[in-house]
C-alpha cells in the first residue's frame, strides 16, 4: 500500500493484515520500522480525536512527527493542495495524513506526488482509518464478520463513516441495515425510518453523530425529537439482544444519539473504539512506511 | 499524588518533597522515569509561558508529549470536558495538563477518569504549579518560610496566584499581607489599601498582574494612576529592606505593576521564577508519573 | 555566529562555510551536535514552508523542538518581544527562530538576551535563511557566483528575498538585474520595467511572489495583466539561454508569476529550493548551536 485513500481500494486480504497487525500492537509487539521516517498531519478541518490518535500512533511506531498548522498554512495564501503536499515531500516527509473538507481532495495528489497520503477524512466521502478501527472493534468482539447484523443509525447521507463502513462490512460478509429520518436517507433507498424492529436482531448498533455544523436540514429536528425517534434510549438498549454492542465514532452528543447514561454501559464500545484506533493507526502507518523501501 | 488540582490538597510534606526534587533537577540530576509516558497539554485559555514551561519540563523528564490544539478541539463541537479527557485516556495518555476558564473544571473529572490531571489554572481558582514555583523561589532565597513577611500586591480578588500562594505560605509559617485597591479586595477583608508601610518589613514583594482582559472594574484606573498608587516605583524599591526580593508571575505590564527598569534589577526574581518553573514542573510531572506504577 | 539576523552580517567566508556544510548534510553526513539543545520557532506571521523547514532541520541535527504557538502567546496580553524571548531563554531555549511583521524587530533583542536568534523574516527586511538556500541552489548549479547574471523579477521594493539576495549575490561577484513595474521599484532606481532583453543573458531568473496581502498598490494590476507583462510565460521560457534556471521562493501564484506548466519544468528549481532549504537550515542551526559552547 503506497496510500490509504478509500476503503474500496483496500482488499479484504489487506484489511485482515491490518487487523492482525493492530492486534499484535495491542498485545505489545514492537514496531518493525528500522529507519527514521518523517510524517506530518495536515488537518484542514478540526478533529482532535483523529489527529491525536494519529499523532500518538505515529510516535509509537517510531516515526518523527513534524508539526503542521493547517490554520496558518500557505493554503491561506492561495497555494494549491498539490503545491503544499509537494513542498512537504521536498522537505522530506515520507507520509502525510490529510483531513480536508473537499470530497476526494486526494485526486489532485495522485500524479506527481511521491509522499504517501493517508486520508483522515474527505468531505462527506471516506474515512478509511475510522472504518478499519470499527472493523477491528467488531472483529475483536465476534471473531468474524460473516452473517453479523450491523445497523447504522443516523444521517447516513452525509456520513463518511456510514459510507466507508457499509461498503467494507458488506464485502466482508456482514448484513448492513440503515435507519434514519426520511430526509437524510440520500442514496440509501433501502433505509428504514423506524429502527425498533432491528433492535432484537442486531449484533452491532452503530450510531452516527448528528453533525449540526454540516447540515442545515437538521434544523427540522429538535434534539429531543431526534432522541425520541432515532436515539438509543434506555428502553431501546434493553431490547437489544445478548452480546450485542453499541458503537459511535464520537464525539457523542449526549442525550441526542444516545442516552448519556449509556455512553459507558456494558454494551458500549464507544471509548474502546478510541483505544482501538491507536493500534489500527499504528498498523496503517507502519504498513505504509514499510512499503516505501 | 495521582493528580495536582489545588495546593490545598498537597500536604506540607509533599510540598517539601517537590521543592527538594526541583533542587535536584536544578543541580543536574537525571529523571527517575524509566518507562515511556505520554502527556498532553490542554490549554483552553492561552498561556505561552506556562504551556512552554510544561512542554519543556515534560520532555526533560523523558515523557513523550502529544500535541493537542484546544482551539480546534471537539469541545467546539459541544463535547464535554469529561469526554475529551476520557478520549485522551483511551488514546493512551498517562497525564494531561489542563488550563480552563471555569473554576474547578476538574470536579467533573474526579469520577471515571484514570489519567492523571495536573491543573495549570482554573478560572479565578487555583494555579498550583505557579504556587510551587513561587515557593521554590522563596525557599531558595531564604531557606525557610517560617516568619517571612510576604506582601501580595494587586487584584487579589481575581488572582489565581494570590489564592494559591497565600494559603500555602500561611500554612508553611509565613506572614502574608495584601495590598490592593478597595474595589478589588474581594474576600480579603484584611487587605490594606496603601502598601508603603509594608515596604520596610517585607522579605518578599509579590506583584500580581493587572489583568485587563479579566475584569471590567479595572476600567476605573488609568495605568498611570495604578502605577502611582500600587505599582512598584523606583522610590518604593529603594525603601525595601536589605535582601528583600521582588516577584511577579508574569507576563509583566511594564510601567504598571512595576517600573520597567526594575524588571531585571538586583532584587528582582521575575525571570528567575520562570527558570525555576521548569525545575518545579519537572518535579511535579515526574512525581505524578512515577506514582502511576 | 551567535545570531543570524541579516545576510549583511555574514561574511563571505561564513557563507561558503554554510554552503559546504549544507552540501555535507545533503551527502548524508551526520550532525556534529553532541549535547541536547532546545529550540523554539516563534512565527508571529504564518509561514508553513519556512516553519516546517526549520522544524525538520532542527530535528535532523538532533535538537529538541519546543512548540510555541505565537497566535496564542502572551504578546496578545501586551508582553514585549524582549520579555517573550527572555522568558524562553529562562525556560531553557538555546536558540529561537523568529518571523515577525516588524522590520528589524531583532534590534530590541541585541542587548540582554543570551539565547541565539535566527531571523526567519522581518517585515519587508531580511530573510537570511532563504537567501542562503538560494545561494546554495545557485552554487550547486554553477559551482560559482562570479560573473553569473541573475535577474530578479517582481515587487522588489517590498521583498525580503530581493533585498537579502541582491546584496549577497553582488558581494559574491554576480551581476544582479531587477525587473518590475515602475510603481514597485522603490529604491531600486536601476530596475528595468521590461525584462525581455534580459531573458537571453540571464543564468538565473529569480521570480518574486506577488504578495496580494502585503501591498494595496497591487490593486492596479489584474493577475492576467501582471502575467502578460512580468510573468514567466512559456514564450519567455523558450527564450532563456541553455542551462539557465528558474527560481521562486514560493508559495507560487500559478498563472501569475509563472505559467502553471513551468513550475516543474526542466529549468525550474522551485521545489529543489525547498529541498535545499532543509540542508541549509540544518547547517545554520548546527553552526549556531555549536557556537554556544
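Yeah, the Cβs are placed from backbone N, Cα and C, and that goes for glycine too.
The annotation in TrEMBL ties C:49, C:50, C:127, C:130, C:250, C:251 to carbamoyl phosphate, and of the candidates under consideration, C:21, C:99, C:275, the one tied to the same site is C:99.
The Cβ centroid of C:49, C:50, C:99, C:127, C:130, C:250, C:251 marks the carbamoyl phosphate site; residues of that chain outside this set whose Cβ lies within 8 Å of it are C:47, C:53, C:120, C:121, C:249, given in sequence order. Neighbour counts of Cβ atoms within 10 Å were taken for the binding-site residues C:49, C:50, C:127, C:209, C:250; the minimum is at C:209. Listed binding-site residues (C:49, C:99, C:160) with a CB under 8 Å from any chain A CB: C:49.
Residues near residue C:160 (L-aspartate binding site) in space but far in sequence (CB under 8 A, at least 6 apart, same chain), listed by position: C:121, C:122, C:123, C:124, C:125, C:126, C:127, C:130. Its Cβ placed at the centre, residue C:130 (carbamoyl phosphate binding site) has 25 other Cβ atoms within 10 Å.
Under the three-state DSSP scheme, residue C:99 (carbamoyl phosphate binding site) falls in the strand class.
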